[in-house]
Structure formats: structure tokens, C-alpha cells
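Noted in Swiss-Prot for the protein shown:
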BINDING   Cys64, Cys67, Cys70, Cys114  [4Fe-4S] cluster 1 binding site
BINDING   Cys74, Cys104, Cys107, Cys110  [4Fe-4S] cluster 2 binding site
DOMAIN    55-84  domain '4Fe-4S ferredoxin-type 1'
DOMAIN    95-124  domain '4Fe-4S ferredoxin-type 2'
Amino acid sequence: MFPMVTEFMNYGQQTVRAARYIGQGFIITLSHANRLPVTIQYPYEKLITSERFRGRIHFEFDKCIACEVCVRVCPIDLPVVDWKLETDIRKKRLLNYSIDFGICIFCGNCVEYCPTNCLSMTEEYELSTYDRHELNYNQIALGRLPMSIIDDYTIRTILNLPEIKT
């Protein structure tokens, strides 16, 4: 056969194959069009966090015995515990406790191993600031309880995500 005719036949086959691939992609796109959206409108809708969510650490100053277990179990030696030994009663007195959440990896080891349960994980995960030095929380900032998402009337909470079918 003539080379021009065979090239034209190959061109036709390639065109049909390309149209088939485009059609298959279009069918997949149309099958996803009737599904519910997966995203939520973040500032106005928030998911309720799970029971064991590891958010910001809450600290209770009165319960702390300055044993420094939290510092020893932390993989990055993050909590700063300042204490003074009271010689008359032979006990440590806690002076200062701080955690830098810019460095914290939220592993929860400090909460898990604390013998007096003065540390706990909260639901708070919005810790963004414009200055990284504001992420260094002292015992006063760590002692504040976060506002619960459930109690905030300006935010619509979503109890659970719709199941995603694959």
C-alpha cells in the first residue's frame, strides 16, 4: 500500500483511541458529580473532635509536684519546670511551668506519665499566631480552659462525616 494511506489509517485509529480515553475520563468525572461534598466551611462549620484528640495541653498549677517526669518522657525535652526546694518541709515548690507549642509535637507522653494528672489534652487546635514567641505558654496561659466548640453558638458543629464510597 501507499505510505500515505497507512499513515492516514494510523491517524484515524489514534483519533478513535484518544476519543475513547477522553470519554472514559468524562464518565468518571460525571460519576463523581452526584456525590455530596467532602469539605466543610471551616470557620463557620467545625467537626467535633474525637474523645482522645491531642490538642493544646491544659495545666493545673495546684496539682503539680514538680517531679519533672514530663520533661524526662518528652522526646524533645520541651516543658520548662522551675522549682525551689523548701528546706523546712523538704518538698519542691513549683515556681514556673511553660511549654513552647511552636516546638511541641503533641505526642501526649507528658500527659500519659504525669503522676498527679495535672496535665491534660484539650480540644483546642487553633494555635496560629503571627509571632512565634506567642506560642510559648506559661502556667497562666496553660491553665486557661479553651472554649468548647459545642458551646459556641456562632459555629455549626458537624457530628460525623458522611461515608466516602470508593
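Heads up, the Cβ atoms here are built off N, Cα and C, so glycines get one too.
Structure coloured by features recorded in Swiss-Prot.
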residue: Cys64; record: [4Fe-4S] cluster 1 binding site; Cβ contacts under 8 Å, 6 or more apart: Leu94, Tyr97, Thr116, Cys118
residue: Cys67; record: [4Fe-4S] cluster 1 binding site; Cβ contacts under 8 Å, 6 or more apart: Lys92, Pro115
residue: Cys70; record: [4Fe-4S] cluster 1 binding site; Cβ contacts under 8 Å, 6 or more apart: Pro79, Val81, Asn109, Cys110, Tyr113, Cys114, Leu119
residue: Cys74; record: [4Fe-4S] cluster 2 binding site; Cβ contacts under 8 Å, 6 or more apart: Cys107, Asn109, Cys110
residue: Cys104; record: [4Fe-4S] cluster 2 binding site; Cβ contacts under 8 Å, 6 or more apart: Ile57, Ile76, Leu78
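Non-local neighbours of the domain '4Fe-4S ferredoxin-type 2' (95-124) in the same chain are 49, 52-65, 67, 69-70, 73-76, 78-84, 132, 135-139, 142, 145-146, 148-149; each lies 6+ residues outside the stretch with a CB under 8 Å from one of its CB atoms.
Within 10 Å of the C-beta atom of Cys110 ([4Fe-4S] cluster 2 binding site) sit 22 other C-beta atoms, taking all shown protein chains into account. For the [4Fe-4S] cluster 2 site, the Cβ centre of Cys74, Cys104, Cys107, Cys110 serves as reference, and the other residues of the chain with Cβ at most 8 Å from it are Ile57, Cys70, Val73, Pro75, Ile76, Leu78, Pro79, Ile99, Ile105, Phe106, Gly108, Asn109. If you take every residue in the domain '4Fe-4S ferredoxin-type 1' (55-84) and average the pLDDT, you get 93.
Note: the domain '4Fe-4S ferredoxin-type 2' (95-124) comprises 5 helix, 9 strand, 16 coil (DSSP; helix = H, G, I, strand = E, B). Cβ neighbour density within 10 Å is lowest for Cys107 among the binding-site residues Cys107, Cys114. Remark: secondary structure over the domain '4Fe-4S ferredoxin-type 1' (55-84) totals 8 helix, 8 strand, 14 coil, with classes taken from DSSP. Residues Ile65, Ala66, Glu68, Val69, Val81, Cys110, Pro115, Thr116, Cys118, Leu119 surround the recorded [4Fe-4S] cluster 1 site, their Cβ atoms falling within 8 Å of the Cβ centroid of Cys64, Cys67, Cys70, Cys114, which are themselves excluded.
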